[in-house]
Amino acid sequence: MKLGIVGLPNVGKSTLFNAITNAGAESANYPFCTIDPNVGMVSVPDERLDKLTEMYHPPKTIPAVVEFVDIAGLVRGASKGEGLGNKFLSHIREVDAIVHVVRCFENENIVHVEGSIDPERDIETINLELILSDMELLERRIERSKKLAKGDKKYNEEIEVFERLHAHLEQGKTARTFPEFEEYQELISTVDLLSSKPVIYAANVDENGFTGDEAENRRLEAVRRIAEAEGSMVLPICAQMEQDIATLEDDEKELFLSELGLEESGLDRLIRVCYDLLGLMSFLTAGPKEVRAWTIKKGTRAPQAAGKIHTDFERGFIRAEVISYDDLMACGSMVAAKEKGLVRLEGKDYVMRDGDIVVFRFNV
Ligand code: GDP
């Protein structure tokens with residue numbers, strides 16, 4: 001899963017991104033590391049992995065990872081090439097979802113590019129750049145479809161849909177709020193529109209923002225209203241605090257959070273929200289050599305899940321031996337679980353469930 005962090009300058013993007021890279025640097029057992037300074041990896045918190053590691057004592061435990069891309073440089077006029085404009089917009093095209101950082105914290109020493117703190121205006125500014133860029137793309141597509149329609153009438157329907165979508169964008173509304181979005185999702189996805197990507201608004205609040213002063217609460221409410229109207233999610237987060245938390249050891253982190261009355265860090269919450277938003281879940285593989293979590297979309301069938309591990313597993317898929325995490329834990333060991341008949345044999349139509357522990361059997 002790849003998430004892009006966007007927002008106006010001085011809203012806390014780099015601070016959040018630093019928290020992410022610090023958290024990444026802290027976690028052991030990295031399957032890969034990265035040399036791109038704008039890309040950060042964090043592992044998906046999953047206590048099931050810890051329990052399985054206690055059970056199998058493997059030399060390696062590999063969590064699922066989320067990739068964050070810091071897409072700085074988006075400013076008013078980006079779609080017209082202001083700042084580094086289009087280059088940044090093209091980075092957004094590559095992500096699965098957008099984390100839109102919105103400044104809600106007040107600090108006289110940190111100037112806001114627009115001169116005041118106003119989340120509603122900021123959200124509109126960024127969204128408008130995405131919308132303008134989408135309109136251009138859509139216009140080119142409509143042109144092309146019109147040419148093709150001369151030889152083949154089947155293009156007429158898509159032209160009509162695209163024109164209605166264009167009119168919707170023209171009102172300053174994002175593609176994801178187009179009333180016919182779901183109905184024509186497949187067609188619309190062929191245009192790769194930026195404003196069709198799912199969004200999480202990360203409302204960057206002050207250090208004491210969770211208790212909140214009145215002005216900040218009002219700003220947070222404004223973000224919530226916008227998000228609700230377009231079916232997006234809001235996550236109040238204090239980037240500054242996340243940056244501090246990310247450098248702590250696990251036990252210190254727990255203590256720090258419990259003193260604040262929190263169960264998990266904002267970063268962990270962000271990852272969880274993104275999983276929900278994108279309809280993702282994890283299945284697990286466990287043995288004496290390795291315990292590992294794999295990310296798949298909800299509704300994925302066994303052969304495609306196997307394909308996540310290796311394409312040969314999918315091609316030669318015979319069956320999956322599956323036990324739920326809870327059943328395995330209740331039995332205490334795989335041997336006991338097998339004796340009780342809790343390890344199921346599942347075929348190619350089996351729809352994977354969150355927390356399935358799997359061994360795939362396949363032909364080579
Ligand atoms: P960017 O331009 O969006 O990447 O913004 P930065 O992450 O560089 O943040 C701009 C300034 O705001 C920095 O001086 C940060 O220390 C400060 N800042 C970021 N997040 C917070 C926050 O949650 N609370 C406060 N008080 N300051 C913050």
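Glycine is no exception: its Cβ is also placed from the backbone N, Cα and C atoms.
These come from TrEMBL:
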- Asn10, Val11, Gly12, Lys13, Ser14, Thr15: ATP binding site (BINDING)
- 1-257: domain 'OBG-type G' (DOMAIN)
- 279-362: domain 'TGS' (DOMAIN)
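Annotated features, which come from TrEMBL, shown on the structure.
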| residue | record | contacts (Cβ under 8 Å, 6+ apart) |
| --- | --- | --- |
| Asn10 | ATP binding site | Arg103, Ile110, Val111, His112, Val113 |
| Val11 | ATP binding site | Val101, Val102, Arg103, Asp122, Asn204 |
| Gly12 | ATP binding site | Val101, Arg103, Phe105, Asn204, Ala239, Gln240 |
| Lys13 | ATP binding site | Ile5, Val6, Gly7, Asp70, Ala72, Val101, Ala239 |
| Ser14 | ATP binding site | Asp70, Ala72 |
| Thr15 | ATP binding site | Ala239, Gln240, Glu242, Gln243 |
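For the ATP site, the Cβ centre of Asn10, Val11, Gly12, Lys13, Ser14, Thr15 serves as reference, and the other residues of the chain with Cβ at most 8 Å from it are Gly7, Pro9, Leu16, Val101, Arg103, Asn204, Ala239.
Summed and averaged per residue, pLDDT over the domain 'TGS' (279-362) gives 96.
DSSP labels the residues of the domain 'TGS' (279-362) in these numbers: 26 helix, 35 strand, 23 coil.
For the recorded site, Val11 (ATP binding site), the DSSP three-state label reads coil.
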